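Working notes, beginning with the structure itself.
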Amino acid sequence: SHPPLCSTGIKCGGVLSAPSGNFSSPNFPGPYPYETECTWLIVVAEGSSVLLSFSHFELEYHAACAYDYLQVYNGAARDRGNLLGTFCGRSPPPPFTSAWHVMAVVFRSDRHVAKRGFAAAYQKGSVEGWWWWSICLSFLPHHPHHPCLPADACGGQLTGLSGEITSPRYPESYPNDAECRWNIGGAAGGGPLTLVFADFQVEGGQGCGFDYVALFDGPTTADPCLGRYCGSARPPRTVSSAPHLLVLFKSDFNIGGRGFKAHFYSAGECQEVFTTIKGNFSSPRYPNFYPNNLNCQWSIQLPLGYRVKVFFLDMELEGRSSLTGSCDYDHLAAFDGGAENGSLLGQWCGRETPAHVTSHRNQLLLVLHTDRNTAKKGFSVAYVGVVPMNVSCTRTEFHIQIPMQSLAQLERKRIYLGTPSCAAQVVGRNFKIHTRFDTCGTESQKRNNTSIIVSTLYIDFSAGDQEDIHQYEVQCEPKRKEASVTLIAGPDPSRLSQAENLVDAQQRDGGAMDAREIKSQDTSDIVFISICILAGLLMVIAVVGLVLL
């Protein structure tokens with residue numbers, strides 16, 4: 001028999017009794033179903049506590065969380081006295097530590113508006129005893145800064161590919177005598193981890209002996225220490241050598257500070273350097289939703305003389321801000337050079353697949369920034385190194401010049417116009433091709449009612465069995481003696497067929513070339529000009545003679 005089509009039962013919740021684990025809203029990261037209620041009861045060994053943290057959180061917003069909400073309880077009883085908090089919207093709950101070995105999490109959705117939901121992780125921790133908890137709740141009022149609430153809770157096991165950690169009570173001053181341990185990593189297939197501090201203010205002191213943050217290259221304090229930090233200077237970007245990273249925060253009995261906020265993410269997914277002449281890459285998890293709290297960097301570093309041309313094959317990021325109209329949330333930016341202080345070549349978000357961009361030097365940096373909520377499919381790009389060259393023409397000849405340093409590994413016969421028999425010559429420190437239009441595979445065409453001469457320049461990067469030949473279309477309009485060159489085949493011919501004309505930018509980069517060598521005229525031009533001058537002189541003599549007569 002088949003289940004009834006109208007069945008609305010959604011299986012969710014349950015008892016979680018392992019020492020650590022993960023759970024999420026139904027259908028995560030897709031929208032959760034309507035009219036659903038789930039209860040997870042987390043039970044760890046007696047004498048322990050439950051450490052709970054959220055890596056993703058997006059529920060329908062309401063000022064009082066009256067529609068969709070998530071509630072966390074200290075213990076199994078669902079009564080107001082044990083309620084640690086009710087949450088909705090996009091601001092994730094803080095990390096929690098239960099007062100004993102049981103914690104309950106309740107998720108409820110109504111019949112309207114569904115979001116992506118949440119993902120959470122828990123692990124077993126130490127406990128001071130439930131007696132303090134019961135006494136605290138009995139004798140103290142319930143308000144936002146109630147000492148029984150998890151304002152000072154910190155630490156936990158974080159297994160997502162990305163996330164955010166903050167000191168207790170951040171951005172308010174952290175408490176005294178705190179000790180927090182965030183054990184980051186352990187996700188299946190995870191790689192090295194990157195930790196970036198967005199804000200940092202911890203009591204200073206010589207040797208950081210009072211309050212400090214210490215980073216360890218592994219899951220325990222017995223692993224190598226990557227750094228110990230205090231004061232107000234932000235610690236440097238830290239990359240672990242293994243898929244585990246331990247962050248330890250300690251404060252002493254007096255003097256505090258604002259604390260810190262840091263983002264972590266899997267370095268292997270979004271910290272890459274490319275040095276090959278062409279390649280492609282995409283955002284983490286593409287075409288699935290990328291993680292939140294990312295600051296990914298892809299650096300393309302090619303040999304001197306090259307420029308980097310990037311083609312955007314697909315893009316879907318969080319859209320522009322409705323208030324400012326700018327890419328204030330998730331965005332992809334391109335910088336000229338190898339660092340974010342270089343010239344900004346473009347910044348994009350939403351579905352606005354941009355036109356290709358070309359660097360003005362041999363390095364280009366792409367940076368993806370994502371905030372703490374709302375994720376999309378991401379992006380996919382391809383790039384190719386554009387060989388710098390100067391192309392000019394006369395009425396009868398092509399003149400092509402390429403600095404040898406740009407193609408240092410190639411023999412001259414791998415650079416040819418039209419056919420291999422028209423290979424480049426080595427003149428000084430340049431590859432040069434000077435050829436008449438009636439040779440080297442050139443042909444005459446009509447484009448926009450203009451007669452032009454067209455040929456193809458081949459640069460053969462092939463190695464072994466891998467064929468890799470880049471093609472540039474070379475054009476000349478003989479009447480105006482104007483030349484241009486366009487990259488027509490590289491990483492993806494279908495994408496490159498509409499590549500922009502390269503000659504203007506290349507001629508602005510003329511420092512690598514001797515322009516005087518390229519502006520030479522052929523013999524026919526000189527003869528033509530001489531005849532015109534001689535005819536003019538004869539006419540002047542004739543006119544003078546008539547006047548005298």
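Cβ from N, Cα, C; glycine included.
Note that TrEMBL annotation is computational and uncurated.
Keep in mind it's a predicted model, so treat the numbers as computed, not measured.
TrEMBL lists 12-125 (among others) with the feature domain 'CUB'.
Sorting each residue of the domain 'CUB' (154-267) by its DSSP state yields 4 helix, 53 strand, 57 coil. Marked as domain 'CUB' by TrEMBL: 154-267 (among others).
Sequence annotations record features per position, and here TrEMBL assigns domain 'CUB' to 270-386 (among others). Taken residue by residue, the domain 'CUB' (270-386) breaks down under DSSP into 1 helix, 56 strand, 60 coil.
Feature annotation from TrEMBL assigns transmembrane segment to 526-548.
Across the domain 'CUB' (12-125), DSSP helix (H, G, I), strand (E, B) and coil residues number 3 helix, 57 strand, 54 coil.
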